[in-house]
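Enquirer: Let me begin by handing over the structure; questions about it come next.
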Amino acid sequence: MALRFPRFSQGLAQDPTTRRIWFGIATAHDFESHDDITEERLYQNIFASHFGQLAIIFLWTSGNLFHVAWQGNFETWVQDPLHVRPIAHAIWDPHFGQPAVEAFTRGGALGPVNIAYSGVYQWWYTIGLRTNEDLYTGALFLLFLSALSLIGGWLHLQPKWKPRVSWFKNAESRLNHHLSGLFGVSSLAWTGHLVHVAIPASRGEYVRWNNFLNVLPHPQGLGPLFTGQWNLYAQNPDSSSHLFGTSQGSGTAILTLLGGFHPQTQSLWLTDMAHHHLAIAILFLIAGHMYRTNFGIGHSIKDLLEAHIPPGGRLGRGHKGLYDTINNSIHFQLGLALASLGVITSLVAQHMYSLPAYAFIAQDFTTQAALYTHHQYIAGFIMTGAFAHGAIFFIRDYNPEQNEDNVLARMLDHKEAIISHLSWASLFLGFHTLGLYVHNDVMLAFGTPEKQILIEPIFAQWIQSAHGKTSYGFDVLLSSTSGPAFNAGRSIWLPGWLNAINENSNSLFLTIGPGDFLVHHAIALGLHTTTLILVKGALDARGSKLMPDKKDFGYSFPCDGPGRGGTCDISAWDAFYLAVFWMLNTIGWVTFYWHWKHITLWQGNVSQFNESSTYLMGWLRDYLWLNSSQLINGYNPFGMNSLSVWAWMFLFGHLVWATGFMFLISWRGYWQELIETLAWAHERTPLANLIRWKDKPVALSIVQARLVGLAHFSVGYIFTYAAFLIASTSGKFG
């Protein structure tokens, strides 16, 4: 018999039903559960898959560069970044005839094209690329790296080049290499690129391989570095009248601390960013020499952790046993990595709009909105994944003997207190926030808006004032001209920073009021509830009051019947599943808030947000309904415009989203009957019956139906909002 899918599980491969396909897909990446798996093969498989991941990333970025160079308008855009619309790629076959061809022919193109809302034009422009040839060169280089990664992945699966388990578990060496090599050297290399290529390009000088060794990035060369006069590199910065990309108003400084934004591009000063990356490089190069390896210098991580013991009393045994627990559990390590990456991704979303790094991106409103939303959603999925793998760690890898009375064991011991406190916080936030919104709704409905309960966010305003925002009149720290903080920074970065924070045209420390106070607490409710579900799922993964032997059932089990007092929705997988809905819900509120606040800021009618955001009807009517009107008219009986593709995606997103409910709510047996009916008809239809269906259709399991439902719900939800966001923003601002 030929080998059937899945080859990694012979038991499953012999299943005669459609379960074979479903369970095969579900466990394809669960290397630990595969036939004949050893610890060594497990680590080697994961290591090899990292190379594949890198190859895909390089191929994808290469494709972006290639298509823009081939079908885009980069060279035209560079001449006038504020008025030329950047083209992502051509549309081969625009449907709906001539009106569609005309609607999608824009950005100076000869035929129908898609506009780029990813910010790649601004990014490439800022780092010194100027011609299509530059883009092609980059695409080829990344293609080469992609091929190299694939070869690397293949090579490390060959017997001679397979790393051993001891190599994977050498935490000190890995940390040193990642800190020094990955972060330190790459930050230093990036500083080099900014100083040698990007900063000259911003001053109208074209540095490439042919003149790279002849052009001094600074008039004094390396002199100041060797004589210790580093301050010379900061002298003569670009002036406030500097025209980006030209020598007009440019200086010679390469490492500065100007603060604030370049007046024309509204982005951070390139010389400030070079300085920042140099500082990061030095920090990480030093950090990468902290841990003891073959050379016998530096710290042992195990010794560090074992030393973390509370001085006495009832505080337990601190970090004892943690080193081996973490070092021997891939799920623990993945959980930590995902938690960190999730937070960083969310910070990227926040900082990309408030402190834009790329020239002119702040004036490209649709791109700003798209990038913020994109990074927040990705952060949400990554963060929920951290808790999922934390739960799997507790089920598969946690050893109570190794962790007796340490911080991990104590988390499990007082999980009831943790969960009940989170529950209380969520209930408090939910009832109070909804209560305020509903009260305000009723007051508006009765025609007495003055009876709304409007709370000024005075603590947040005080924090903004401490950072230098003067409009609230708090006169504290940086907003006070007499304090030591003000005097310390007055001669360097402070004037630029204060100028930026008090100018109302950018997104740095936006003015906040009662509407912000309310939506802030709605978001806090979402964050706390999501966290509650995830934390409870992980802490209860090994066992709970109703089901003390839960760990014997694995990570994802559907139901253990009514005999235990009802154990549906009780596996760690169920907690992850429920949390994803809350995560999407929360990020929905976050992105609604960000988008509406910014639309009113960009249109110059902030009072609309301030007045309408204090009650629910305001959000429904003045944000969602008002901003979807253009989108819904992308095409209608009278014709179509360039928003039609978003109008279609908006409808399609709703369809996918609604399909999710068929799997989430419906009786699952219906699917078995449906598929069997389709299979029956298929087998009795000429031509179609040449292809026989070998597997007997069976109903989806509870867990499978939930997964399929969740996937459709998530994808549909994000598709719908993406279309709404891009159409409503680009429809207003072009």
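Glycine is treated like the rest: Cβ placed from N, Cα and C.
Pulled the feature table from Swiss-Prot, pasting it below:
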- Cys559, Cys568: [4Fe-4S] cluster binding site (BINDING)
- His654: chlorophyll a B1 binding site (BINDING)
- Met662, Tyr670: chlorophyll a B3 binding site (BINDING)
- Trp671: phylloquinone binding site (BINDING)
- 46-69: transmembrane segment (TRANSMEM)
- 135-158: transmembrane segment (TRANSMEM)
- 175-199: transmembrane segment (TRANSMEM)
- 273-291: transmembrane segment (TRANSMEM)
- 330-353: transmembrane segment (TRANSMEM)
- 369-395: transmembrane segment (TRANSMEM)
- 417-439: transmembrane segment (TRANSMEM)
- 517-535: transmembrane segment (TRANSMEM)
- 575-596: transmembrane segment (TRANSMEM)
- 643-665: transmembrane segment (TRANSMEM)
- 707-727: transmembrane segment (TRANSMEM)
Enquirer: May I ask you to report the DSSP-based helix, strand or coil state of Met662 (chlorophyll a B3 binding site)?
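Expert: Going by the DSSP assignment, Met662 (chlorophyll a B3 binding site) falls within a helical segment, counted as helix.
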Enquirer: Can you tell me how many other Cβ atoms are located within 10 Å of the Cβ belonging to Cys559 ([4Fe-4S] cluster binding site)?
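Expert: That number is 15.
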Enquirer: Within 10 Å of the Cβ of Met662 (chlorophyll a B3 binding site), how many other Cβ atoms can you find? Include all protein chains, please.
Expert: 14
Enquirer: Measuring CA to CA, name the entry from the binding-site residues Cys559, Cys568, His654 that ends up nearest Met662 (chlorophyll a B3 binding site).
Expert: His654
Enquirer: How big is the Cα-to-Cα gap, in Å, between Cys568 ([4Fe-4S] cluster binding site) and His654 (chlorophyll a B1 binding site)?
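Expert: So the alpha carbons of Cys568 ([4Fe-4S] cluster binding site) and His654 (chlorophyll a B1 binding site) sit roughly 29 Å from each other.
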Enquirer: What are the sequence-distant neighbours of His654 (chlorophyll a B1 binding site), meaning same chain, six or more residues apart, C-beta distance under 8 angstroms?
Expert: Gly716, Thr720
Enquirer: Compute the C-alpha separation of Cys559 ([4Fe-4S] cluster binding site) from Tyr670 (chlorophyll a B3 binding site), stating it in Å without decimals.
Expert: 20
Enquirer: What count of other C-beta atoms do you get within 10 angstroms of the C-beta of Tyr670 (chlorophyll a B3 binding site), across all chains shown?
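Expert: The answer is 11 other Cβ atoms.
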Enquirer: Using Cβ atoms and a strict cutoff of less than 8 Å, what residues sit near the transmembrane segment (369-395) while being 6 or more residues removed from its termini?
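Expert: Result: 117-119, 329, 331-332, 334-336, 338-339, 341-343, 345-346, 348-349, 352-353, 412, 530, 534-535, 537-539, 541-542, 551, 554-555, 572-573, 575-576, 579-580, 583-584, 586-587, 590-591, 594-595, 598, 718, 721-722, 725-726, 729.
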Enquirer: According to DSSP, folded down to helix, strand and coil, what is Cys568 ([4Fe-4S] cluster binding site)?
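Expert: Note: Cys568 ([4Fe-4S] cluster binding site) is coil by DSSP, not helix or strand.
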